[in-house]
Every structure is written in structure tokens, then in C-alpha cells.
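Participant: Please see the structure below; I have some questions.
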Amino acid sequence: MIFIENLNHDFTTIESLVLLMYGMFILLLLLFGWDLLTRYATTDKTTRRGDPAYMIFFIIAVAMIGYALYTFPATINYFFKGDFESQGYNLLWLVPLQYFLILLMIIPIGYVCLLILAKNKKFIAYIAAIIGTISIIYMFVLVFVVGNDPTAVNVSISSGAMIPIALVIGIFAFIDFFGLVYILVVKLAPQKKVRNQVLLGIVGIVIAGIGGALEISQRSEDRWLYPIGILIELIGFIVMRHFFLSIPSYDEFAWKSGMIEMHVIIAETGISLYYKSFAELKEGALNGDVKATVTIPESERPNSDLVAGGLVGIKGMLAEISGDKGKLENIEIGSKSLVFKQGHVALCLLLAEENLGVYHSLLEDLVERIELDHPDLDNFNGDTRKIHIAPLVTEIFGLKE
């Protein structure tokens, strides 16, 4: 006899609304996870491999899909458990299955967070991974044990068999939330606009958490706070999805590793005020529409004034051609980008792997600070001893001294 033909559950108005909202919730989570996975999959393998930002958003995507999978058996357990059991079906195994899916969501996130944060002490992440793996296997076994004999183990969260799992979930949930916040906002140090988008996405997580707590505490067929809690949770995930997907590229988080060279010069003359090299430039890297060869040993490198003058010359030439003098902010040279910001006197140039928004924002801040701290720069006489740009670069770009 097919169970669905004998389903006699009399849904209240609240239960019907909640069931509909759970369906919407599952679809939203699957869509969110799919969107993040698509962005990850369409990125160059070399770019995403080992990159913290891509790692974080990949596991967030997996977690969203995992949460959707968790919600499905949870819905069956909430609404249809009594109907199944009245016909002799054992659904107690759904409880350990739900915790099994929760562990599958939170443990990979915690492991990746620890791997990134404890970079020099990876054994901490490995220990966490071992504990998490044991917990997952334990719950997987319980699913079959309870499915075979519902009286074999007490699977209520306060039972002796489940308290260790509750502790693991609590610890990993703490690591996940604060680890994600610290990595995305502090460690990756994105530009202000991207950081604000991340923070608003995290606000969405908090809203969803508040809604989830209200939903669990008010779960009853005659309490309107039950669907209100689900609605708040839905809104939270919609906010999170909107702001996380509004980040133009996750490469914005890896901007520090993409910097190659920086020059600060007098805009009109090209006289060098400051120069810093961040990475070695490989042979042929600047070959392209704007021809340039810069594979020069350090001992044979030309005077920084000559290099700076050459760069300002490129800018001037292209600005004249484009008829947009003073507004040109980026030049593509082969596979690299030359990003620059000009103030009243100073011009900052950054050779980078990509033309990222963060570079424009930081260079603009740098130009403003340089001219603010050096008000007599328009009368510069060539004495660089009075020019203190290095501390400003360290401060604004968050570089280690």
C-alpha cells in the first residue's frame, strides 16, 4: 500500500503556510549555492586553486546546498512523522540524518577557516578535520542503527549519545561564523566597497540566524511566530545572496598578490618620488598591443626617474590619442594592467596583474594623502629627503613593514 494514498494529515492554516515557505526556502538555498558554484567553476583553475577567497565562497556554496538537503528531511520529520509512524513506519532515523547533514555543512567550513587562519600551524586544522570526520562517521552509523532498531539509541540532543555531537556542532559553528567574518573582512582586506558588501552579506547571515532561532523556539501549528521566523530567515538569506553575488569578482580579495610595481612621480615632469617592487616581472609579460620589454636584472635596472618618465610618457601618449587627457585611469599592457591616479601634482602608477577596483580606490587615497602631507610638493626641488611616502603606502595598502 502506497503511503501517500493514505495520507490523512489535516493541515492548519499555519502549517500550510509553513510548508509552502519551506519549499521556497529550499529553492532559494539551491539557487544561491548553484550561483556561487557557477562563479567558481567558470574561473580559471590556476586563479581559484589555493586562493582563500575562492575557497571560502566554494564551501559557502556547498553549505547552502547542504542546508537545502537538510531542510527536506527536516520538513518530513516536522509534518509527516506522526502519519508515517501511525502506519508502522520508523522515521526516528531522520533525527541522526539531520545532524549528519549539519556536520557535513559546518565541518568543511571550519576546516578551511582554520587552514587559512592557522597557516603556520596547520596541525590545528588537521586535528579539527579528524574530530569532524569521526563525528560525521558516528552520525552516519547512527542513521543505520536507529533505522534498524528505533530503541537501540536515544537520539535526543540531550542524551549521552548526542551530547558530544552537540559540542562539536557548537564549536564548529563558532569557528565558522567568526572565522568567515575575520577572513573576509580583515585577513583578505578588501577595498571599502567590497568590504561593505561582505559586511552586509554577514548581516544577512545574522538576520537568518535570528529567524531560525525564532522558528525553532516557536514551532507549533497554532503560533504565527513560527512562519514569521521562517520569513525572517528567508529575508536573511536573500540579503546574503544579493550582497555576496554583487561582488564583481572574488579576485578583489586577492589584490595584494597581484601588485607588481608602484611608482609615485611628479605628474608634469615624471621625476620619481617613490618606487617599490612587489613581485618579479617575467620575460614577455608586457608584450602586447603596447609593446614593452622589462625583463631587466636588478643590477642593470635603469634609473627610477627614467622608468617613471617612460610610464608617464605612455600615459600622456594614450591620453592624447583618446582625447580624454586627465581622465584615463588604466592601460592594458600585454596581460598586465597599468593603473594610475593623478592629483594636482602627484601621479601614482601601479603595474598589476589585473585592473581591479581596489587599486583605483587605494591609489586615489594615496594621492590625496601624499598631497595633504606634502603641501609644498608643487615646488619640489629634487630633495627626496623631505618626502615620506613609504609610510603612507604601508598604511594605506596594509603592507607589513
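Glycine is treated like the rest: Cβ placed from N, Cα and C.
Below, the features straight out of TrEMBL:
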TRANSMEM  20-41  transmembrane segment
TRANSMEM  53-72  transmembrane segment
TRANSMEM  92-117  transmembrane segment
TRANSMEM  124-145  transmembrane segment
TRANSMEM  165-186  transmembrane segment
TRANSMEM  198-218  transmembrane segment
TRANSMEM  224-244  transmembrane segment
Participant: With Cβ-Cβ distances below 8 Å as the criterion, list the same-chain residues six or more beyond the ends of the transmembrane segment (165-186) that contact it, or say none.
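Facilitator: 52-53, 56, 60, 99, 102-103, 106-107, 109-110, 113-114, 116-117, 128, 131-132, 135, 138-139, 157, 195, 198-199, 202, 205, 253.
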Participant: Which residues of the chain, 6 or more past the ends of the transmembrane segment (92-117), have a CB below 8 A from one of its CBs?
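Facilitator: Tertiary neighbours of the transmembrane segment (92-117) are 52, 55-56, 59-60, 62-63, 66-67, 69-70, 73-74, 76-77, 81, 124-125, 128-129, 132-133, 135-136, 139-140, 142-144, 146-147, 150, 155-156, 162, 165, 168-169, 172-173, 175-176, 179-180, 182-183, 187.
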Participant: Could you pull out which residues elsewhere in the chain have a CB under 8 Å from any CB of the transmembrane segment (53-72), counting only those six or more residues past its ends?
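Facilitator: Contacts of the transmembrane segment (53-72) (Cβ under 8 Å, skipping residues fewer than 6 from its ends): 22, 25-26, 29-30, 32-37, 39-40, 43, 47, 98, 101-102, 104-106, 108-109, 112-113, 116, 180, 183-184, 188, 244, 250-254.
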